[in-house]
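Asks: Okay, these came from Swiss-Prot:
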{"type": "TOPO_DOM", "residues": "1-13", "note": "topological domain 'Cytoplasmic'"}
{"type": "TRANSMEM", "residues": "14-34", "note": "transmembrane segment"}
{"type": "TOPO_DOM", "residues": "35-48", "note": "topological domain 'Periplasmic'"}
{"type": "TRANSMEM", "residues": "49-69", "note": "transmembrane segment"}
{"type": "TOPO_DOM", "residues": "70-77", "note": "topological domain 'Cytoplasmic'"}
{"type": "TRANSMEM", "residues": "78-98", "note": "transmembrane segment"}
{"type": "TOPO_DOM", "residues": "122-137", "note": "topological domain 'Cytoplasmic'"}
{"type": "TRANSMEM", "residues": "138-158", "note": "transmembrane segment"}
{"type": "TOPO_DOM", "residues": "159-166", "note": "topological domain 'Periplasmic'"}
{"type": "TRANSMEM", "residues": "167-187", "note": "transmembrane segment"}
{"type": "TOPO_DOM", "residues": "188-211", "note": "topological domain 'Cytoplasmic'"}
{"type": "TRANSMEM", "residues": "212-232", "note": "transmembrane segment"}
{"type": "TRANSMEM", "residues": "235-255", "note": "transmembrane segment"}
{"type": "TOPO_DOM", "residues": "256-268", "note": "topological domain 'Cytoplasmic'"}
{"type": "TRANSMEM", "residues": "269-289", "note": "transmembrane segment"}
{"type": "TOPO_DOM", "residues": "290-311", "note": "topological domain 'Periplasmic'"}
{"type": "TRANSMEM", "residues": "312-332", "note": "transmembrane segment"}
{"type": "TOPO_DOM", "residues": "333-343", "note": "topological domain 'Cytoplasmic'"}
{"type": "TRANSMEM", "residues": "344-364", "note": "transmembrane segment"}
{"type": "TOPO_DOM", "residues": "365-378", "note": "topological domain 'Periplasmic'"}
{"type": "TOPO_DOM", "residues": "400-412", "note": "topological domain 'Cytoplasmic'"}
{"type": "TRANSMEM", "residues": "413-433", "note": "transmembrane segment"}
{"type": "TOPO_DOM", "residues": "434-461", "note": "topological domain 'Periplasmic'"}
{"type": "TRANSMEM", "residues": "462-482", "note": "transmembrane segment"}
{"type": "TOPO_DOM", "residues": "483-493", "note": "topological domain 'Cytoplasmic'"}
Amino acid sequence: MNKHASQPRAIYYVVALQIWEYFSFYGMRALLILYLTNQLKYNDTHAYELFSAYCSLVYVTPILGGFLADKVLGNRMAVMLGALLMAIGHVVLGASEIHPSFLYLSLAIIVCGYGLFKSNVSCLLGELYEPTDPRRDGGFSLMYAAGNVGSIIAPIACGYAQEEYSWAMGFGLAAVGMIAGLVIFLCGNRHFTHTRGVNKKVLRATNFLLPNWGWLLVLLVATPALITVLFWKEWSVYALIVATIIGLGVLAKIYRKAENQKQRKELRLIVTLTFFSMLFWAFAQQGGSSISLYIDRFVNRDMFGYTVPTAMFQSINAFAVMLCGVFLAWVVKESVAGNRTVRIWGKFALGLGLMSAGFCILTLSARWSAMYGHSSLPLMVLGLAVMGFAELFIDPVAMSQITRIEIPGVTGVLTGIYMLLSGAIANYLAGVIADQTSQASFDASGAINYSINAYIEVFDQITWGALACVGVVLMIWLYQALKFRNRALALES
């Protein structure tokens, strides 16, 4: 059989694991901001701070996770350990109604599991292809889109469980999903024998005071404890600063050690893509915070006599990603003609443009709410769907470029740095942006009145901010296109 005729068989086990990881992560994420404000009665500012701290630290730990996978564990073992930790974290989160301390501990455990899982699952997928394999981009688009099956089901299932039963039941479903994904992945273990395994030589060398696996176990226990303190003391911003400095230092070291100009050029492209990804996700991550509270407070959620739980709206974005992702992976064929860098920047411009359009629709929705008291459901659905479509032109493109780099032994670390900037820093910025909507007053009875004008202003500013990014990216695209054209003309002459 032609090796380029179809996707590798192992990809379907990775996709299955990704589906259930998305179910687990996004099921919990859909509930978290609502849990903090509606159940624990945090004010908006406090809720945004904890939510953005959690989402930021979730993307800090992939640097350590990528390092452990590159040097010790291998991508396969790192992914399995990460999935197990996330399942444990969701179980503990379900008990946070018993005592508030469980909230911080559970978020810390999930953060550690996510760090081992997130960057390394992409690298594991990259190991299934040769660097020049044309199926690579399609494989990443397929994984990204298929993973959103879990994102679609999770807010519906977890939102329904929370609404009809309890918050603990909603969070418990997220844990069940992660365990299911891990079991399926283990069933396909034989298809990953050619991927990198545990580096036993390194393990044997780390036996000072403790046996081989001792230090790894200490790390798995000590890291959640440390992150729990960061949440409790609200020191996460300091951890973010330290992680960013370390990440940029590692990136500079990789750049200096690059063997030729081609490798340095690839690194510069990755850095620039990461910057615009960071801005994109600072806008997109409003979906789990300010947009979620906007829907809860200002959108008419009645449909055929049933009030749709707010958490279920998180499925709209994922549904758009899945449908459009399958279309891009299997219907739209990637052209091998032309310059790859030019195509990359064209996709980024389209993604940022769609994000701007999505927030333009949300601005109209908020203005509708200001005039009539509540916004219409179809307008909200359209805005979230457009924003979901935009995602397909950002992360899959950047991740594919990272795994394509020809510097050995750095893909895990580079992916971790990408997650740090486009995830951790972006989520911190998203929290700062979301906090601009936390304007409220109290009436004579003591009830809280939330300001719709704050949402209008923030959504409108994001619309124009994303549009400005499109302008810059289009200039880069034009520069690269002209450069490629001039080079082609020079070769012809």
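Backbone N, Cα and C define each Cβ position, glycine as well.
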Asks: Where, among 14-34, 167-187, 235-255, 462-482, do we find the most CB pairs under 8 A to the transmembrane segment (78-98)?
Replies: 167-187
Asks: With pairs closer than 6 in sequence left out, are the transmembrane segment (167-187) and the transmembrane segment (413-433) joined by 3 or more CB pairs under 8 Å?
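Replies: By the criterion, they do not touch.
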Asks: Restricting to the same chain and to residues at least six past its boundaries, which positions have a Cβ under 8 Å from a Cβ of the topological domain 'Cytoplasmic' (400-412)?
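Replies: Same-chain contacts beyond the flanks: 65-67, 69-70, 75, 119-120, 122-123, 125-126, 131, 136-137, 140, 254, 257-259, 262-263, 266-267, 269-270, 273, 344, 418.
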Asks: Please determine whether the transmembrane segment (14-34) and the transmembrane segment (167-187) are in contact (criterion: at least three Cβ-Cβ distances under 8 Å, sequence separation 6 or more).
Replies: yes
Asks: Can you say which of 167-187, 235-255, 312-332 has the most Cβ pairs under 8 Å with the transmembrane segment (138-158)?
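Replies: Per the Cβ count, the answer is 312-332.
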Asks: Please report, as numbers and ranges, the same-chain residues at least 6 past the borders of the topological domain 'Periplasmic' (365-378) whose CB is under 8 Å from any CB of it.
Replies: 294, 298-301, 303, 308, 452-453, 455-456, 459
Asks: Across the topological domain 'Periplasmic' (35-48), what are the DSSP residue counts per state (helix, strand, coil)?
Replies: 10 helix, 0 strand, 4 coil
Asks: Give me the mean pLDDT over the topological domain 'Periplasmic' (434-461), rounded to a whole number.
Replies: 76
Asks: Do any residues, 6 or more residues outside the transmembrane segment (167-187), come within under 8 Å Cβ-to-Cβ of it, and if so which ones?
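Replies: Sequence-remote neighbours of the transmembrane segment (167-187) are 13-14, 16-21, 23-25, 27-28, 31, 35, 39, 79-80, 83-84, 86-88, 90-91, 93-97, 150, 154, 157-159, 161, 311.
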Asks: Residues of the same chain, at least six outside the topological domain 'Cytoplasmic' (256-268), with any C-beta under 8 angstroms of its C-beta?
Replies: 401, 404-407
Asks: Short question: which residues 6 or more past the ends of the topological domain 'Periplasmic' (290-311) have a Cβ under 8 Å from it?
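Replies: Tertiary neighbours of the topological domain 'Periplasmic' (290-311) are 30-31, 33-34, 37-38, 44, 48, 155, 158-160, 162-163, 170, 362, 365-366, 369, 374-377, 380, 384, 433-434, 437, 450, 452, 455, 458.
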Asks: Which sequence positions outside the topological domain 'Periplasmic' (159-166), separated from its termini by at least 6 residues, show Cβ-Cβ distances below 8 Å to it?
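Replies: Residues packing against the topological domain 'Periplasmic' (159-166) from afar: 30-31, 97, 172-173, 309-312, 314.
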Asks: Please give the sequence-distant neighbours of the topological domain 'Periplasmic' (35-48): residues at least 6 beyond its ends with Cβ less than 8 Å from one of its Cβ atoms.
Replies: 97, 100, 103, 167, 289-290, 293, 296, 431, 434-435, 437-438, 440
